[in-house]
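Here's what TrEMBL has on this protein:
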- 33-127: domain 'Pirin N-terminal' (DOMAIN)
- HIS66, HIS68, HIS110, GLU112: Fe cation binding site (BINDING)
- 180-286: domain 'Pirin C-terminal' (DOMAIN)
Amino acid sequence: MPETEVYSVSSKESRPVVRKFLARPQPEGFGATVRRSIGRFELKYFDPFLALDEFSVSAPYGFPDHPHRGFETVTYMLQGAVTHEDFEGNKGSIEAGDLQWMTAGRGIVHSEMPAPHGTQKGLQLWINLSSKYKMIEPRYQEIGRKDVAETAKDGVKVRVIAGEALGIRSPIYTRTPTMYLDFTLKPGAQIRQPIPVSWNAFVYILEGEGIFGNIQSSPVTAHHLLLLGSSGYGLEAWNKSSKSLRFILVGGEPLGEPVVQFGPFVMNSQEEIDRTIEDYENCTNGFEKAKHWKSESTVLMGY
């Protein structure tokens, strides 16, 4: 994959912004608030991405025991911490700057609950799996904030969650080929980041305001999702404001497969969804350990 350029003049055009959404707050889980940009009624699916939530939650509320099958979840903490626990005995804490890349595969039941004090904030991205990987064994990849690949150059800082930028690469293995970059641009900074041909890509703005795709475009502010067009070299972005601009750039190779979703289950046909519901209700075919399991947080909170 070509390296990021902090800035260069090129005849190659950048990808244009073709759609823009403001992610408004909505309730989710038990007492949590999310800003959902993918997975909402205007944008149900952006192949291979199923959902993107910017979440905010405070104890005692959160996301108690719930199942997944057929895709991956990427949890990236921005503030505070959440504790996670699953029916395989995996447990731990994801703190600010930490990354958890969870492949649910054939089935996981887990909980995600906030630290006891303050407001916990983060991003969760759902990435679809191709049919050949939907029933694989679950897997976790976790990277602490000190070990996330990070570099800076000429007013641009990038944390590489997946893929490559500014000459550094993430160790995360992506079954669905994916790039996930966390950029911070100081006032006056600008970048050009290549995106592989044929990949779908989007920007989600976390802080500040920036200009994307075309220098003549109007600035876009925090909590907006920008879908990028399919033609062009990659993303160009400028920070013409007096404050820092922070955004994520996410891209992925489309799967081009049918998608049938029922809440936390994502398969390729209604028959597979029906079978998944039966598996979960009967604690079979990957959900066996759900029969007698409850997370510690669920027991303590009485969910």
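Backbone N, Cα and C atoms are what each Cβ position is placed from, and that goes for glycine too.
Cβ atoms within 8 Å of the centroid of the Cβ atoms of HIS66, HIS68, HIS110, GLU112 (the Fe cation site) belong to the same-chain residues PHE63, ASP65, PRO67, THR73, HIS84, ASP86, ILE108, VAL109, SER111, PRO264, site residues excluded. Long-range C-beta contacts of HIS68 (Fe cation binding site), restricted to its own chain and to partners at least six residues apart, with a cutoff below 8 Å, comprise MET102, ALA104, GLY107, ILE108, VAL109, HIS110, PRO264, PHE265. In the predicted structure, the domain 'Pirin N-terminal' (33-127) carries a mean pLDDT of 95. Around the Cβ of GLU112 (Fe cation binding site), a 10 Å sphere holds 27 further Cβ atoms from the protein chains shown.
Summary: among the binding-site residues (HIS66, HIS110), the fewest other C-beta atoms within 10 A of the C-beta are counted at HIS66. Across the domain 'Pirin N-terminal' (33-127), DSSP assigns 0 helix, 68 strand, 27 coil.
Secondary structure of the domain 'Pirin C-terminal' (180-286) per DSSP, as helix, strand and coil residue counts: 13 helix, 49 strand, 45 coil.
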